[in-house]
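Working notes for the structure below.
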């Protein structure tokens, strides 16, 4: 009997507007080293030997995508114009759109469009450490700063012990059918791991590093540029 080897597919939800960047252009298209911000992580995903296809979930009204040349990334890259109003909506819409291409036990890696500093080793480590995991997991880094819990007036109520606290990153990697069912049941989930948690399961944390940052504010764009420019030097 032939053993079935699960494949890996990436989904990048990119239907958001990035309002905290205070720009008229969607955040994923802001220029970074001469390319759209999203280009950099797509290039790494498309070049990953273990990733079969990379699906980018875009807004139905996205007119910016076609203004750029993505052909250099090769045939793995597939745009899907079916994005929803939230991250969870977009990921679920993407999963439904490609349901015929992905087997139930295949792995799906969901990556933030606004994390341009993804490196090949991030993907390799995630896939390696989760290969035999029954649930899946996500890249994350231990919380380094002291955390405070406050009230609505920003008065400190308590200091939160940071032991065993982690900051979630992406990619987040789960089995296709498990992820789809979890998102269908938890439509308000802020990330895939929280949807899996809501289903009563326990994702595994795979330690990453601070270079895999999410561009949220204008200063983050400069930091991402520095990381990409100095990577490997």
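Heads up, the Cβ atoms here are built off N, Cα and C, so glycines get one too.
Lifted from Swiss-Prot, the feature list:
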type: SITE; residues: 20; note: site 'Transition state stabilizer'
type: SITE; residues: 27; note: site 'Transition state stabilizer'
type: SITE; residues: 162; note: site 'Positions MEP for the nucleophilic attack'
type: SITE; residues: 214; note: site 'Positions MEP for the nucleophilic attack'
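Locations of recorded Swiss-Prot features on the structure.
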{"residue": "27", "record": "site 'Transition state stabilizer'", "DSSP class": "helix"}
{"residue": "162", "record": "site 'Positions MEP for the nucleophilic attack'", "DSSP class": "coil"}
{"residue": "214", "record": "site 'Positions MEP for the nucleophilic attack'", "DSSP class": "coil"}
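If you measure from the Cα atom of residue 162 (site 'Positions MEP for the nucleophilic attack') to that of residue 214 (site 'Positions MEP for the nucleophilic attack'), you get 21 Å. Of all the recorded sites listed here (162, 214), it is 162 whose C-beta has the fewest other C-beta atoms within 10 angstroms.
Residue environment of residue 27 (site 'Transition state stabilizer') contains 23 other Cβ atoms, counted within 10 Å of its Cβ in all protein chains. Each residue contributes its Cα atom, and for residue 214 (site 'Positions MEP for the nucleophilic attack') and residue 27 (site 'Transition state stabilizer') these two points are 11 Å apart.
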